Amino acid sequence: MKKWMSKKVAGLLCLCLTGALLGGCSGAAKSNDETVLFEYDGQKVYLDEAWVYAKTIQSQYESWYGSSVWDYPVSDADGKQVTMEELTKQDMISQIKMVKYLSKEAEKQGLSLTEEEKKTAKENAESFMSSVGEDDLKQTGITEDTMVKVYEENTLASKYHDKIVEDGNVTVSDEEARQYKTYNLLFETFDYDDNGQKVEFSAKKKAAQKKKAEEALARIRAGEDDLEALAKEYKAEKSSEYTLGDDETTVKEYREAALKLKKNEVSDIVESEFGYHIIKMLNPNDKEATKEKKEELLQQKQNEYFTEQYQELTKSLEEKWDFDKDVNKKAYEKITFKQEETKEESTTSVEDTTTSSESTTTTSEATTAE
């Protein structure tokens, strides 16, 4: 499983819920509004609240990765091998803890919801409740009061989150975000095999690529300045415009050579793990790209600052927190993202098996259909 699949649910949850989120919940959930899942910072979290978060996360992840994602093996924070479902449930608990803590602290700081925000929370809850079936609501135990509570807590938590970030006065300078627009004429020295694995060119083929790069550079030095035309002529198909900053997201050899160039200057041949580069500086200060990068870096630095502050604020609480002891395991195990087979599907499966014993052809077709 790729590393990006194990990322935690970032930031406060955006509860953009629809009726579809509750389809296929498994197991009955009687008295979920009375079942305590865990307690944190003196606040009890009930199972019906957790279901709201769970179904929101389920909808998000399945839209990104598909419904089969939950059985993928990943590593948790301790390096233990778990399923994607288990890791996501652990992250969900962390998110609920964050919302509970921040909303409580917000009230201590004198923050509150406006009448308009309360109205919006209630309208969202009513819209949600009217869009789902009665059976689905019974299965999860979610009520309109639960929905209003979760919406309001998230809104209040978000307010305190924003206050922490604003108080930090995090900034990004134009120079820090500065972006350089280049053209990368690349004579690659590798390919991919049928399994998608990188395969280096032979020494002979690599030497031929270097010779092409030398010929192209000689023509550029002689006055040809259309690198795109040269890329087509030499079939350097991986060539393209490339925007970079002074950071480690770009391969070192390319970055160091590019940042030395002035506008319209062309580098000598630069060798990297990707091949032989000829770099032309198109714009040493791309204003539009710099603006976008500045916004990206600001968001990143604000997130980092908030995480640091949040960890410090909850340090004493986390020292006392023990997931294995503090979470109600019976309630926790009721939360699942995987769809269970319905009775109708089970009956169909039995009928298919019976039919297959009478006809090998029918068995083959049924297996293919499944």
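Heads up, the Cβ atoms here are built off N, Cα and C, so glycines get one too.
Unlike curated entries, TrEMBL annotations are predicted automatically.
Here the coiled coil (210-237) has long-range neighbours at 183, 185-188, 264, 266, 268-269, 276, 278, 280, meaning same-chain residues at least 6 beyond its ends whose C-beta is under 8 angstroms from one of its own. Taken from TrEMBL, the feature coiled coil covers 210-237.
Under the heading compositional bias 'Low complexity', TrEMBL lists 347-370.
Among the features that TrEMBL reports, domain 'PpiC' is placed at 177-283.
TrEMBL lists 338-370 with the feature region 'Disordered'.
Under the heading signal peptide, TrEMBL lists 1-31.
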Quiz item: Per DSSP, how many helix, strand and coil residues does the domain 'PpiC' (177-283) have?
Solution: 34 helix, 35 strand, 38 coil
Self-check item: Overall pLDDT of the domain 'PpiC' (177-283), taken as the mean
Solution: 97
